[in-house]
């Protein structure tokens, strides 16, 4: 038998491939270069940094800037580094995460499976909430928190994060639950499960991916939040991002570039870790707004 | 209890739907519908998609809020009861098995919700698994089952509840033809063994004919005819039922009745032997003939002259597609006969089996 036979051979070094991979590599370098500079700078001593040449790897590797950023850097009168902000952020993140996901998932479940009179209107109002600029609500929320006695406390921030995360999370959960087969819900009703029974024993276990997506959105969002932190917290309850800003932007003394770089990297470590640990789900979180309504 | 109750009160209305109306927005899906299902009866709701048959089933199950009317099951008015309290078991088209539970978990979920003791649950699951021959599958998850096995588990989930009434919502539609035929027979056997009341929704008229004690043919939320399969097949109440039931379907000849004869185009047929009360004269009428109720007559016998257009061999017999005065008429003929395309034949319908319809009201004469 002569002539073509079997699968068509693919050329690895075709013109298209060279172009695509070339472009990808170029773009990767463009985006990775700042990270490279940051890591290298954070490992150098100040004299070496002053020599210029920001791309060069350190001649003498030192971890002192990391130690200083974590435990010794001063913000205001406190000189215990970023560690305080880190633990504040953790204390804000965990309750906000659990609370917002718990409430939003039940919201989404009620809105998709137990349609009540006016449920669509309720949903629309909730979604409109996502489009109100935070700045407009700033002052009312300050007053609200003050009268609740939560202003400046970690629980105040937890409340703010939970409420402001509600529209997008509810949308996310509602859409996902609406895509589950309706018969599943009906079968569970015939089997005698009620509102909570169906939610806990049927809906929740089959929807774990969307819970993971919601968790990723919330972890990165809350951890990276600076705005709410700077407005609603006090120096002793500042989250890590606010503290980072205070370290980096302090105008007294020498600019310690290595410490600043280390501090920034430390703050970005958690979202980075989340991203690497959950690549695909992370992408779904980013595109969540594009899910059909 | 219900598993061996047999056909005790065969004539008592067991499920009774009274003046049921269901509106979806401004659209009335069901319009003042009444239906009585006897104890132990296998009732099939048959109709094209969108006729409201699934809606009716969901109303009986309590899964859809009704707009007006009453539902009675087992002598109890369950109109306001929760689905779980109606004494029903339901099987869905999409199986609706809980994907994260094993087969055992799926079967026992309802019983656990009833807070039944573990040993009783285990006993029931084992019994149902034996009936449906799914014992080896009990530890598998639905994802690891074939379509037929999944549907068996779904049926098992209904059985294990020991319900008085079983509701089936197109349970076989997602299966391939061979499996569908197999499970159909099994369902019939199951009904014969259990003797429970069963209400079964389908758009497949073969399923309806083979399974049902009685069939309710529905269109646009209204029951067109409620009768035994044979009655439905032989004496359809109107043109819609006649056209919907039977495969290959009934041939329809539009013409008129005059002088005790049916006239179609330039030909006519004596109506002698028609069992209905055919009027002597009627402007427009439709004559419905099933393929097996027409014979190809030898020359000289009175009949309709037709031209052969096509021949479909079906295995057991052949289907002859003919043209009578521009109308298509199909005729079931033995395999041995030979009728070349374009040849002229005389068709002799068995008038005793024919159906006549008023062209205006579409009702049977």
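The backbone N, Cα and C atoms fix where each Cβ goes, glycine too.
On a predicted model such as this, the values are computed, not experimentally measured, just so you know.
When the ranges A:122-142, A:227-247 are checked against TrEMBL, the one recorded as transmembrane segment is A:122-142. Within the same chain, residues 116, 119, 126, 154-155, 157-158, 161-162, 165-166, 169-177, 195, 199, 203-204, 207, 211, 214-215, 218-219, 222-223, 229, 239 sit at least 6 positions outside the transmembrane segment (A:92-110) and bring their C-beta atoms closer than 8 Å to a C-beta of that stretch.
Stretch with the largest number of CB pairs closer than 8 A to the transmembrane segment (A:259-277), among A:122-142, A:154-177, A:198-223: A:198-223.
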